[in-house]
């Protein structure tokens with residue numbers, strides 16, 4: 001659903017320095033195996049984001065099975081969605097230490113385990129741990145490597161590659177909704193979750209396809225990117241590389257010093273191992289264990305340095321008032337997109353529209369139109385005469401209007417039109433990296449985008465339970481959409497007010513200077 005952190009200048013792993021002379025481009029960069037990476041990321045979006053958008057089917061089954069309040073039951077879906085995004089910065093530590101492939105494979109196993117254990121749930125609180133936390137963390141461990149690897153393998157066609165891979169969210173929501181509905185009807189929700197867990201094991205295959213680029217390949221990619229790039233962002237990155245790397249790594253001098261210290265430690269272990277060849281086998285085994293532990297410690301320390309400097313060196317961002325307003329907007333925005341996916345199936349049941357919805361589910365309409373919305377809004381915002389900020393705000397206004405008017409729609413046709421507009425306007429997700437870059441600049445883009453993703457995760461975590469809690473009080477979903485829509489409108493208001501304040505301040509300053 002989101003663009004990669006690599007796409008916005010963030011990299012996990014060790015970067016090799018390109019030499020002064022040209023390096024032959026690697027055929028797997030912008031071609032070859034790179035398209036297998038796109039396929040892998042596309043399938044990850046289908047299996048993870050698509051499955052999460054289809055959880056409204058299971059939410060109805062859980063309500064009937066456990067007979068709990070809607071607010072409490074909605075926590076199961078929201079935990080899975082929210083944790084997938086919130087754990088992103090922390091999953092970065094695993095990627096920096098173990099690499100994308102291993103992280104994704106482990107995440108695939110954890111996600112499948114969460115689905116399978118949930119099939120034996122005895123209550124809603126059991127699902128909190130198995131599906132919400134276990135499957136949610138597993139989803140985050142696969143989702144982030146999927147978007148990072150696309151950025152690593154593409155230089156010239158990065159935007160195209162990211163666009164193709166993220167369309168898996170829309171396709172997945174459509175396919176998984178139909179699949180889960182069929183499985184629940186034929187086999188019951190418990191067997192459906194067990195089967196879905198088996199299907200989720202394909203995430204391990206997707207992770208295995210994430211073959212890392214060698215240091216020479218990364219250096220080649222960086223050199224080709226610098227020689228062919230003509231935009232200001234590449235120039236800014238190359239200028240800042242003297243002191244701080246684009247991915248937030250510490251300065252080269254400190255890194256070299258750390259590497260020298262680590263190499264001295266490993267050399268000492270190797271000398272001890274060489275001198276002790278005549279010793280017993282037990283001593284040699286102990287030395288090998290010590291060497292392995294030393295190497296692991298070096299890798300963990302280096303990965304932690306990358307992770308820490310990337311995410312905790314961004315305190316200056318909060319002095320930007322517009323960026324703070326953007327965070328407030330993000331805390332309310334994503335829930336307005338998630339809530340219809342969770343609660344629409346039950347709304348359809350209350351309006352006695354199940355027969356029409358079975359032919360073509362409303363959530364599938366949102367998913368399909370969402371694909372076209374991301375593409376069309378991206379094309380419109382690229383036009384020279386169109387402001388990306390204005391397209392972004394217009395899409396937000398359209399989405400909040402649909403959320404506020406959705407309770408007034410009580411026929412299938414009117415609900416279908418509203419859902420189509422929700423799907424199209426929510427295509428503004430593809431514009432979020434661009435808008436973030438306009439707010440904070442290229443230098444702080446990676447950290448800022450990570451913060452926005454976490455804010456969206458919090459929104460997805462709290463939105464559906466809040467809507468269910470409002471229903472438990474009022475026995476209507478109307479007020480749930482009204483209140484969430486109004487909070488969303490407040491977030492949009494912050495986006496409108498802060499730019500006006502910042503534009504006004506320079507004019508006031510210039511007036512004072514003129515008086516002096």
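Placed from the backbone N, Cα and C atoms, the Cβ positions cover glycine too.
A TrEMBL annotation is a machine prediction, not a hand-curated record.
Note that the coordinates shown come from a computational prediction; the quantities given were computed from them, not determined experimentally.
Under the heading compositional bias 'Basic and acidic residues', TrEMBL lists 222-234.
Here TrEMBL flags 37-503 as domain 'Major facilitator superfamily (MFS) profile'.
Per TrEMBL, region 'Disordered' is recorded for 222-241 (among others).
The region 'Disordered' feature in TrEMBL is assigned to 252-277 (among others).
Counting residues 6+ beyond its ends, the transmembrane segment (33-55) has Cβ neighbours under 8 Å at 1, 76-77, 80-81, 84, 104, 111, 139, 142-143, 146-147, 149-150, 153-154, 161, 164-177, 179-180, 196, 199-200, 202-203, 206-207, 209-211, 341-342, 363, 367 in the same chain. What TrEMBL records for 33-55 (among others) is transmembrane segment.
Under the heading transmembrane segment, TrEMBL lists 75-96 (among others).
According to TrEMBL, the feature transmembrane segment maps to 127-148 (among others).
Under the heading transmembrane segment, TrEMBL lists 160-180 (among others). Residues 1-4, 7, 34, 37-38, 41-51, 53-54, 56-58, 146-147, 150-151, 153-154, 192, 196, 341, 361, 363-364, 366-368, 370-371, 374-375, 378, 423, 430 of the same chain lie 6+ residues outside the transmembrane segment (160-180) yet bring a C-beta within less than 8 angstroms of a C-beta in it.
Non-local neighbours of the transmembrane segment (322-344) in the same chain are 53-56, 59, 70, 74, 77-78, 81, 173, 362-363, 366, 396, 399-400, 403, 406, 419, 422, 426, 435-436, 439-440, 448, 451-452, 455-460, 462-464, 466-468, 471, 477, 480-481, 484-485, 487-488, 490-492, 494-495, 497-499, 502; each lies 6+ residues outside the stretch with a CB under 8 Å from one of its CB atoms. Sequence annotations record features per position, and here TrEMBL assigns transmembrane segment to 322-344 (among others).
Tertiary proximity for the transmembrane segment (359-377) is limited to same-chain residues at least six positions away from its ends with a CB under 8 Å from its CB atoms, namely 50, 53-54, 56, 163, 166-167, 169-174, 177-178, 181, 340-341, 344-345, 348, 391, 395, 412, 415-416, 419-420, 422-431. Per TrEMBL, transmembrane segment is recorded for 359-377 (among others).
According to TrEMBL, the transmembrane segment annotation covers 389-409 (among others).
Summarising the annotation, TrEMBL assigns transmembrane segment to 415-436 (among others).
According to TrEMBL, the transmembrane segment annotation covers 448-467 (among others).
The transmembrane segment annotation in TrEMBL covers 479-497 (among others). Beyond the ends of the transmembrane segment (479-497), by six or more residues, the same chain brings 322, 325-326, 328-333, 335-336, 339, 343, 393, 396-397, 399-400, 403-404, 406-407, 463, 466-468, 470-471 to within a C-beta distance below 8 angstroms of the stretch.
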Inquiry  = I need to check the long-range neighbours of the transmembrane segment (127-148): which residues 6 or more away from its ends have a CB within less than 8 Å of a CB in the stretch?
reply    = 2-7, 10-12, 40-41, 44-45, 48-49, 52, 62, 75-76, 78-88, 91-92, 94-95, 100-101, 103-104, 106-115, 117-118, 121, 162, 165-166, 203, 206-207, 210
Ask   = When the pLDDT values for the domain 'Major facilitator superfamily (MFS) profile' (37-503) are averaged, what is the result?
value = 78
